[in-house]
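Q: In case it's useful when we look at the structure, here is the feature table from TrEMBL:
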- 10-395: domain 'Major facilitator superfamily (MFS) profile' (DOMAIN)
- 9-29: transmembrane segment (TRANSMEM)
- 49-68: transmembrane segment (TRANSMEM)
- 75-97: transmembrane segment (TRANSMEM)
- 103-121: transmembrane segment (TRANSMEM)
- 133-154: transmembrane segment (TRANSMEM)
- 166-186: transmembrane segment (TRANSMEM)
- 215-239: transmembrane segment (TRANSMEM)
- 251-269: transmembrane segment (TRANSMEM)
- 281-300: transmembrane segment (TRANSMEM)
- 306-328: transmembrane segment (TRANSMEM)
- 340-362: transmembrane segment (TRANSMEM)
- 368-389: transmembrane segment (TRANSMEM)
Amino acid sequence: MNLETKKTYYIYMLLIAILLVGATLRSPIASVGPLVPHIKSDLAMSNTAIGFMNTLPLIAFGLFSPLVPKIAAKLGIEVTLLISMFILSFGVIFRVFGDSTVLILGTLVVGIAISAGNVLTPSLIKSTFIKNTGFVVGLYSITMNLISALSSGLTSSIANSGTFDWKFAMQLWVIFPVLAIVAFFLRFPQLKVKENLTFGNINNEIATTVWKSKFAWAITLYMGLQSLIPYSLFAWLPQILETKGFNGNQAGWYMTIFQLAMLPINFIIPIITSKMQKQSFLTLTSGIFLVVGLLGVLLINNNWVIVFLVLIGLGTGATYSLAMMFFVLKTATVKKSSDLSGMAQSIGYILAASGPLLLGIISQQTGSWNFSIILLILVGVLVSIFGFISGKDTKI
């Protein structure tokens, strides 16, 4: 294999590794929602306890995101991601072996592992695929949401099949972190060389001021608020739909439809965004989709609810892709991209963590999901406001 062929091979292996990491970022979380009835039955957990459990990955994202760039500066981005995939595999497999305490602790481990992928992947894309950033971010986002969508639908069907139980259905998604590990090992001869070129000397850069930037805080709030909506729905949408008369399998597949609606937007938005100086119109439009879609879920009790779930999917797909692109487009260097990503995902995910827990508490106290959905509608309005600010032509 000549030098040019080797270079091409390692670049393609990196792209495959990035996509496989993307496949791990939501599926271990999205697969839990359809299993809530089984978990409540087997482990005697309340809505509040389930809400707390579903909040833990987001809290982990928030607490560990600021540490991830520092770890990557010492070990390298790819080595850090490789280690995180090992930790994620462990968490996904072993969280079902025990009582509710083990499940909760395992879910926390899953969140810690995913935080590395959340923070580092945008920086890795920015540093490696300079001329095709929007295209690669689009592929990455599509992969993440496609696997997440499949995990919601298939998990429900597997758990209700009578052949396998809910524990197997939850463990099944370990396949993607394992495949990511294989992809990184196939790149192993290049890891140290690549790290020295892309991330090894970031400490020589003048200390970033992202934490003092008002613009960075607007992006952070946008990141957190837009994340609150889908993660709340991953946790509770099947339960919400079941109260509207849909059975467990229908609710699981409706959740899949909601996530599949994200896919075309995930691909299109990064490409469009990378060619625009201002993205305020896109952020405002996607926020309106969220609000209208959530209003439909609040008011509609028949199959027409699918239309509004698609609107929410389009909105959440756009807002997530925009947030990821802001880490790349609104920063001048790889170091600042990593720092903004760490800040936005730290504070943002702690903010988002309140969603599943609050919805669980509100539903348990009121005996209805209506007030919880109204809360999400208000969050959708805030997403529109902070998205409009974040879309301005400014760099940190």
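Any Cβ shown, glycine's included, is placed from N, Cα and C.
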Q: Do any residues, 6 or more residues outside the transmembrane segment (340-362), come within under 8 Å Cβ-to-Cβ of it, and if so which ones?
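A: Hits for the transmembrane segment (340-362): 47-48, 50-52, 54-56, 58-59, 61-63, 65-66, 68-69, 115, 118-120, 122-123, 210-211, 216, 219-225, 227-229, 231-232, 234-236, 323, 326-327, 330-331, 369, 371-372, 375-376, 379, 396.
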Q: Grab the pLDDT values for the domain 'Major facilitator superfamily (MFS) profile' (10-395) and give me their mean, rounded.
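A: Within the domain 'Major facilitator superfamily (MFS) profile' (10-395), the model's average pLDDT equals 88.
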Q: With Cβ distances under 8 Å as the criterion, find the stretch in 103-121, 133-154, 251-269, 368-389 that has the most pairs with the transmembrane segment (9-29).
A: 133-154
Q: Most CB pairs under 8 Å with the transmembrane segment (306-328): which of 49-68, 75-97, 215-239, 368-389?
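A: Selected stretch: 215-239, with the most Cβ pairs under 8 Å.
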